[in-house]
Amino acid sequence: LQGIFVLGLPYALLHSGYSGLLLIVLAAALCCYTGKILIACLYEENEDGQLIRVRDTYEDIANACCKKLSPNLGGIVVNVTQVVELIMTCILYLVVSGNLLSHSFPYVPVTGKTWSVIAFVTLLPCIFIRTLKIVSKLSQLCSLFHFVIILVVITYCLTQMHQWSWAKFRLSLEFEDFLVSVGVIIFSYTSQIFLPTLEGNMKNPGEFRCMLNWTHFFACILKTTFALTAFLTWGEKTKEVITDNLPSFLETLVNLCLLTKALLSYPLPFFAATEIVYSCISKGNHTSYRSPLLALAVRGSFLLLTLLMAMFTPYFALLMGLSGSVTGAAMTFLLPSLFHLKLKWKKLSFLEKCADISVFILGFLCSLAGIVCSIKGLLEVFG
C-alpha cells in the first residue's frame, strides 16, 4: 500500500524542504505509536493482572467504546470507513496500472481506460482468494518488486552524485504545497487497518511491539535515503512520481516493475474489504455467509465496482484526496487515540494522556486541511 506514496516522497521534499526530512521521521514515530495503542485496545487485564486478548478487530474496539450509545454504532462507523478506504485504494491501483501500461507502450493505439480493463482482467483470479496465506505470498512478491524499484532509483542517483547540491532545498514554503507534502509523507506509513489481523495471526504476539519498532525504523531510514538521494539528483525538476525523471530505458523497466507491484498490491485491500463484508453478513445469517456462491458474488461485485469507478469517476485523484483525508486520518490518528483514551483512561499516565490528545489534535488538523484543499481543487475543476 505504501509503494505509490513512497515514489512521491522526493516530490514532497521539493515542496517541504528541510522540514520534509523531519516529517518523515516524525510520521514514522507517530504511526508506530498509534499502531501500538490500537493493539493495546484489544487487551484487558484479568483478575491476576495478566493481559488477555478480549477483542479481535478494529470493529470490536469501536463497539466497546460506543456500547453506551449503541451496541453496534462504533462498529458500523469503523466498517464503513475501512471499506471506503480499501475500495478507493483498489481503484487507485487500477488507475495506476492503466496509466503505467499506457506510458510503457505509448505506440499502442489504446486509451488509458482500455489499459485499465486489461489490468482488471489479470485481477479476476482474486475472486477465488479465500485465505490470508495466498495474500501474504503475493505481498512478499510485491515487496520484492518494491525493493527492486527503490534499488534501481537509488543506484542511478548515486551515479549522479557529482551534481548534488544542498542548495536545492527550499527555505520558503507555500502552505498548500506543504500540506500536500504532509499528506504524502504521513500516509506512506499507514497500515493500522491491517494491524489487529496481523497481530492476531502472529506466532508470538508478544513480539508485535518490537516488530513494529523495527519495521518503522527501517522504513524511515529507507524512505529518507530514497527521498533525499532522488531530490538531490533532480532538484527543482523532480516530478510527482520520481520514476518519470529516469532515462527512458530505465523508466520503462521501472514502470513494468511498478505495474507488477500495483497488480500484486491489489489483493490485500480487496481481501480485507470482502472479509469485513463477510463478517457483517455472518452476524445475520451464518448459513448464507458460508455459501460459496455468495462469496463469489460479493467478490465479483467488489471487482466490478472498482473497475466501474476507475473508468467512469471523473477527477478521481481529487476524490481520492478527499476520501483519504477523511478515512486515512481517521483510521490512522483520530480513532486509535480516541479509543485508547476511552478504554484505558484510568490506567494511563499524564504523559500518555497528553500524547494521545496531541495525536488526536494533529490528526484532526491534517484531516481538516486535506478536506479544505481537496474541496478547493474540486471547486476549481467545476468552475
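Cβ coordinates come from backbone N, Cα and C, glycine included.
Look at TrEMBL and you will find 2-375 tagged as domain 'Amino acid transporter transmembrane'.
Positions annotated as transmembrane segment by TrEMBL: 20-43 (among others).
The transmembrane segment annotation in TrEMBL covers 76-95 (among others). If you look at the transmembrane segment (76-95), the same-chain residues 6 or more away from its ends with a CB under 8 A from one of its CBs are 1, 4, 58-59, 61-62, 66, 116, 119-120, 123, 193, 262-263, 265-266, 269-270, 272-273, 276-277, 280, 302, 305-307, 309-310, 313, 316, 319-320, 323-324, 326-328, 330-331, 335.
Summarising the annotation, TrEMBL assigns transmembrane segment to 115-132 (among others). Using a Cβ-Cβ cut-off under 8 Å and counting only residues 6 or more beyond its ends in the same chain, the transmembrane segment (115-132) has close neighbours at 94-95, 97-99, 101-102, 197, 201, 259, 262-263, 266-267, 270-271, 295-296, 299-300, 303, 306-307, 310-311.
Marked as transmembrane segment by TrEMBL: 144-166 (among others). For the transmembrane segment (144-166), the residues of the chain that approach it from at least six positions outside its boundaries are 3, 6-7, 222, 225-226, 229-230, 232-233, 235, 242-243, 246-247, 250, 253-254, 257-258, 260-261, 264, judged by C-beta separation under 8 angstroms.
Taken from TrEMBL, the feature transmembrane segment applies to 178-198 (among others). Here the transmembrane segment (178-198) has Cβ contacts under 8 Å with residues 1-2, 5-6, 8-9, 11-13, 15-16, 19-20, 23-24, 27-28, 30-31, 34-35, 38-39, 42, 55-58, 61, 82, 85-86, 132, 208, 216, 219, 223, 268, 272, 321, 324-325, 328, 331-332, 336, 366, 369-370, 373 of the same chain, all six or more residues outside its ends.
TrEMBL lists 210-233 (among others) with the feature transmembrane segment.
The transmembrane segment annotation in TrEMBL covers 253-281 (among others).
Annotated transmembrane segment per TrEMBL: 293-312 (among others), in sequence order.
Residues or ranges marked as transmembrane segment by TrEMBL: 318-339 (among others).
The feature transmembrane segment is assigned by TrEMBL to 359-379 (among others).
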> For the transmembrane segment (253-281), what are the same-chain contacts with Cβ under 8 Å, counting residues 6+ beyond its ends?
Replying inline: 1, 3-4, 7, 57, 59, 79, 82-83, 86-87, 89-90, 93-94, 96-97, 100-101, 103-104, 119, 122-123, 126, 129, 132, 134-135, 138-139, 141-142, 145-146, 148-149, 152-153, 193-194, 197, 243, 246, 288-289, 294-295, 298-299, 302-303, 306
